[in-house]
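Participant: Swiss-Prot feature annotations, pasted as is:
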ACT_SITE  Cys101  active site, nucleophile
ACT_SITE  Cys193  active site, cysteine persulfide intermediate
BINDING   Ala6, Met7, Ser8, Gly9, Gly10, Val11, Asp12, Ser13, Leu32, Gly125  ATP binding site
DISULFID  Cys101-Cys193  disulfide bond
SITE      His126  site 'Interaction with tRNA'
SITE      Gln333  site 'Interaction with tRNA'
Amino acid sequence: MRVLVAMSGGVDSSVAAARMVDAGHDVVGVHLALSSAPGTLRTGSRGCCSKEDASDARRVADILGIPFYVWDFADRFKDDVIDDFVESYARGETPNPCVRCNERIKFSALAARALALGFDAVATGHYARLSDGRLRRAVDADKDQSYVLGVLTAEQLRHALFPIGDTPKPQIRAEAAERGLAVAEKPDSHDICFIPTGDTKAFLGARIGVRPGAVVDGSGTVLAEHDGVHGFTIGQRKGLGIAGPGADGRPRYVTAIDAETGTVRVGPAEDLEVWELTGERPVFTSGVEPGGPIECQVQVRAHGGITDTVAELRDGKLELSLRAPLRGVAPGQTMVLYRPDPDGDEVIASATITRR
């Protein structure tokens with residue numbers, strides 16, 4: 001099988017490539033250049049798409065004896081990920097750019113080019129598992145990335161490979177060291193790759209500008225002024241510009257955002273609780289829509305935010321009734337549905353949260 005491996009220059013994708021070679025596949029490595037200004041994006045302690053990352057990936061490819069290329073996806077990444085991120089925050093939403101990148105770049109634009117060039121599959125260093133076409137959680141629960149892959153369609157998954165999903169991260173690093181790969185101890189990435197300073201508010205402010213509004217309490221009393229709703233997200237407690245807790249002495253959190261009026265509402269923690277969720281643009285991993293209610297679990301962020309639920313497709317949207325409340329759920333987040341399974345919880349659907 002001809003396999004294209006997306007190589008970031010990190011340890012995970014490097015071991016993924018090595019395992020594809022071990023399996024006897026015809027392997028080619030490709031590094032995605034996602035920025036027209038290398039160094040303005042980052043992974044770990046260095047820049048994503050930086051010369052260092054590309055060089056690390058190339059050195060691994062040389063050790064493995066596979067061809068290696070750098071493909072420029074900077075324009076597509078800007079349009080489909082960065083601009084989408086900025087526009088979502090301007091609407092008062094909280095998007096996950098990693099979800100969007102997987103959906104529109106790695107398993108869409110990249111996969112389409114790979115298939116057009118005669119490759120059978122695209123392999124990545126994601127921590128997730130595929131068995132019989134079913135997407136499951138990784139063995140390493142702390143590193144599991146099935147959530148950010150939950151938006152993939154059955155057709156996209158048919159051409160995807162996740163070679164490291166059955167192995168804990170410490171063993172991946174040990175394997176890289178045994179193979180003599182210099183990236184064995186390279187730091188993991190944790191922040192948004194296209195915000196090198198880590199200051200999301202400043203990044204958004206530079207692109208959205210000043211859009212004044214008010215911070216109000218549950219009664220509508222104005223507590224403070226702000227420069228734009230892009231500086232807030234549901235569940236936020238710090239940086240609200242207000243004079244401490246409420247009259248009852250309890251902390252206050254962002255509980256609602258109205259981008260049209262520029263209003264940010266704050267309230268006590270219990271105001272964050274939701275028992276129902278609605279999601280648009282649902283994707284069913286099997287490619288088949290359910291015929292009735294589904295007993296499952298829902299996850300609303302990359303790590304944590306999981307509860308039992310009953311999901312039902314109504315008028316093209318997923319309607320969820322939660323068995324226990326979730327807190328800090330924001331429009332724009334992705335909700336991923338799982339079917340519990342002793343062999344690894346299976347992803348069955350996803351959607352973008354529109355109402356909480």
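Heads up, the Cβ atoms here are built off N, Cα and C, so glycines get one too.
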Participant: Rounded to a whole number, how many Å is the Cα of Ala6 (ATP binding site) away from the Cα of His126 (site 'Interaction with tRNA')?
Facilitator: 10
Participant: Within its own chain, what residues at least 6 apart in sequence put their Cβ under 8 Å from the Cβ of the residue listed as 'active site, nucleophile', listed in sequence order?
Facilitator: Phe77, Asp80, Val81
Participant: When DSSP states are folded down to helix, strand and coil, where does Leu32 (ATP binding site) land?
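Facilitator: Going by the DSSP assignment, Leu32 (ATP binding site) falls within a strand, counted as strand.
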Participant: Using C-alpha atoms, which one of the recorded positions His126, Cys193, Gln333 comes nearest to Leu32 (ATP binding site)?
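Facilitator: Checked the recorded positions His126, Cys193, Gln333; minimum Cα distance to Leu32 (ATP binding site) goes to Cys193.
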Participant: Starting from the Cα of Asp12 (ATP binding site), work out which of the recorded positions (His126, Cys193, Gln333) are within 10 Å.
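Facilitator: The recorded positions close to Asp12 (ATP binding site) (Cα within 10 Å), listed in sequence order, are His126.
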Participant: Quick one: pull the CA-CA distance for His126 (site 'Interaction with tRNA') versus Gly10 (ATP binding site), whole Å only.
Facilitator: 11
